[in-house]
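Peer 1: Sharing the features that TrEMBL gives for it:
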- T12, R16, T265, G308, G409, N413: ADP binding site (BINDING)
- T12, T13, S14, T265, G308, Q312, G409: ATP binding site (BINDING)
- T12, R82, E83, Y134, D243: sn-glycerol 3-phosphate binding site (BINDING)
- R82, E83, Y134, D243, Q244: glycerol binding site (BINDING)
- 4-250: domain 'Carbohydrate kinase FGGY N-terminal' (DOMAIN)
- 260-448: domain 'Carbohydrate kinase FGGY C-terminal' (DOMAIN)
Amino acid sequence: MSSYILALDQGTTSCRALIFDKNGKILASAQEEFPQYFPEVGWVEHDPLEIWTTQERMARKAVQDAGLTADQIAAIGITNQRETVVVWDKSTGEPVYPAIVWQDRRTADFCDQLKAEGKAGLIQQKTGLVIDAYFSATKVKWILDNVPGAREKAMAGDLYMGTIDSWLIWKMTGGQKHITDVTNASRTLLYNLTDLGWDADMLTLFDIPSKMLPQVCDSSEVYGHTQADFLGAAVPIAGIAGDQQAALFGQMCTQEGWVKNTYGTGCFMLMNIGDKPILSKNNLLTTIGWKIGDEVSYALEGSIFMAGAIVQWLRDQLEFFGDAQEIEGLASSVESSDGVVLVPAFVGLGAPHWNQQAKGQILGLNRGSHKGHIARAALEAIALQTRDILSAMEADSGVKIKELRVDGGASVNNLLMQIQADVLGVSVVRPKMVETTVSGAAFLAGLAVGYWSNTEEIERIWEKDQTFEANPDRSSMEQLLAQWDRAIETVLFWSKA
Ligand SMILES: Nc1ncnc2c1ncn2[C@@H]1O[C@H](COP(=O)(O)OP(=O)(O)O)[C@@H](O)[C@H]1O
Ligand SMILES: O=P(O)(O)OC[C@H](O)CO
């Protein structure tokens, strides 16, 4: 009887489940969006129980659609939106507050206070991260400080905290396992990047009781089994990675200096930097790519908060088109953006600027500017933000890259990929399988149970779809790059008001 891998991808906007065979081919896939809650300006919340029931339904649907039974699933891999955090009562299983999502800015003032107190150096040295509301620690602190009785319960050891992987595994195992993996732990601001353990100084700084923390595991090992009622029989859970690290693995960027960029809601570029962390001098993050056995691979990361989300904004708020894919035709209707620059700082600016107060701007409009120019400027903004990250990454690592591997929902846009190659002056390579996040989770799980024997076997599965070569004439790019740099300066200046 053939066996398969089930991979779960709990993303920011949807829950997905995919079944993979040994050749990395997808047998079935199920996906459903779940509600987003915006209770106040800058706040973003999810209902952890809605996430759980949606994810459970998708897992069952994928197995059913593939015509499989639970005993044909060799292992389950999990990948998840990162930083988003849940605090729950370990006796009742009830979350004490909604999940606070990575995009949520409610703790921005507290972060500014930490910066003013000069804590940035210590935090970077310990965790590889910058001080920003993006990461989990300040969100957990906020829950403990604001939910009546929560801090007392946490001190008494009655509450658990966890990123979404922890929450799902706790549910899937019927409350037996409270775990996470190194990649998710490395996004909390609480995990020591070199000691590979929860950091006592960070726990004190953020006032978080250690009793709440999950046990940190490798990215590929058998952690435990699902309860039988999840799929009909107990199935090993054997892979966990935050979604961007899973994509780095799914893209098989297993060699030092290899880089991938995922174009989803945001854009996340990661470079494999080998077995030692490099602390960025250019405001990038250092994070754990994965840990398999005793081997740890570190990564430099640049996080862009608005990428595909700009396309959604043009679709939903400005009603430029009805479907995201129509942006390609609209942006191709003009030769250039004709001086129009869109800086999508709708939720502040992420790497390398990390400005929490920045607001979006459209600059350089003239009497002839129309939707086509703005649509093209939107695609250019995705590519130009990526260029700022790559420049910082090359400076930090000393590696000059020749090739960028791409994936994610917006990477299907050929015009965007061509603009990206032109802006960076490097080849942009899109694999046949752009579902690299979820395949990364499948690979990690499959390796743990011997479904695939080693990464070389998986590398043979990775297949190129298309390469976008950069226009060798850089002159037309120079103007665009200079305009962008001036636009960023303007946005940063405006944020001081
Ligand atoms: N053809 C396209 N061109 C540009 N952007 C697109 C296109 N298709 C989808 N998108 C954008 O890609 C994003 C969805 O990609 P996905 O990888 O599913 O994101 P996430 O995992 O962050 O939810 C959306 O923000 C959408 O606007
Ligand atoms: O769910 P995505 O694909 O938007 O990814 C979110 C990131 O993990 C945030 O760090």
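From the backbone N, Cα and C atoms, a Cβ is placed for every residue, glycine too.
Neighbours and distances for these, please.
Peer 2: Taken residue by residue with DSSP, R16 (ADP binding site) is part of a strand.
All protein chains shown were included, and the count of other CB atoms within 10 Å of the CB of G409 (ADP binding site) stands at 18.
Cβ environment of Y134 (sn-glycerol 3-phosphate binding site): E83, W102, Q103, S303, G350 lie under 8 Å away, each six or more residues apart in the same chain.
R82 (sn-glycerol 3-phosphate binding site) counts 28 other C-beta atoms within 10 Å of its own C-beta, drawing on all protein chains shown.
Taken together, the residues in the domain 'Carbohydrate kinase FGGY N-terminal' (4-250) have a mean pLDDT of 95 on the 0 to 100 scale.
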Peer 1: Can you list which of the binding-site residues R82, E83, Y134, Q244, T265 have their Cβ under 6 Å from some atom of ligand 1?
Peer 2: T265
Peer 1: Given the binding-site residues D243, T265, G409, which lie close to T13 (ATP binding site), meaning Cα to Cα within 10 A?
Peer 2: T265
Peer 1: In angstrom units, rounded to an integer, how far apart are the Cα atoms of T12 (ADP binding site) and D243 (sn-glycerol 3-phosphate binding site)?
Peer 2: 10
Peer 1: Of the binding-site residues R16, R82, D243, Q244, T265, which one sits closest to Q312 (ATP binding site) when you measure Cα to Cα?
Peer 2: T265
Peer 1: Are there binding-site residues among S14, R16, Q244, T265, G308, N413 that sit within 10 Å of R82 (sn-glycerol 3-phosphate binding site), Cα to Cα? If so, list them; otherwise say none.
Peer 2: Q244
Peer 1: Apart from T12, T13, S14, T265, G308, Q312, G409, which residues in this chain have a Cβ no more than 8 Å from the mean position of the Cβ atoms of those residues at the ATP site?
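Peer 2: Nearby residues not in the site list: G11, G264, A309.
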Peer 1: Over all pairs in T12, R16, T265, G308, G409, N413, the listed ADP binding residues, work out the largest Cα-Cα distance in Å.
Peer 2: 22
Peer 1: Starting from the Cβ centroid of R82, E83, Y134, D243, Q244, the recorded glycerol site, name every other residue in that chain with its Cβ within 8 Å, sequence order please.
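Peer 2: My list of surrounding residues reads Q81, T84, W102, R187, G242, F268, S303.
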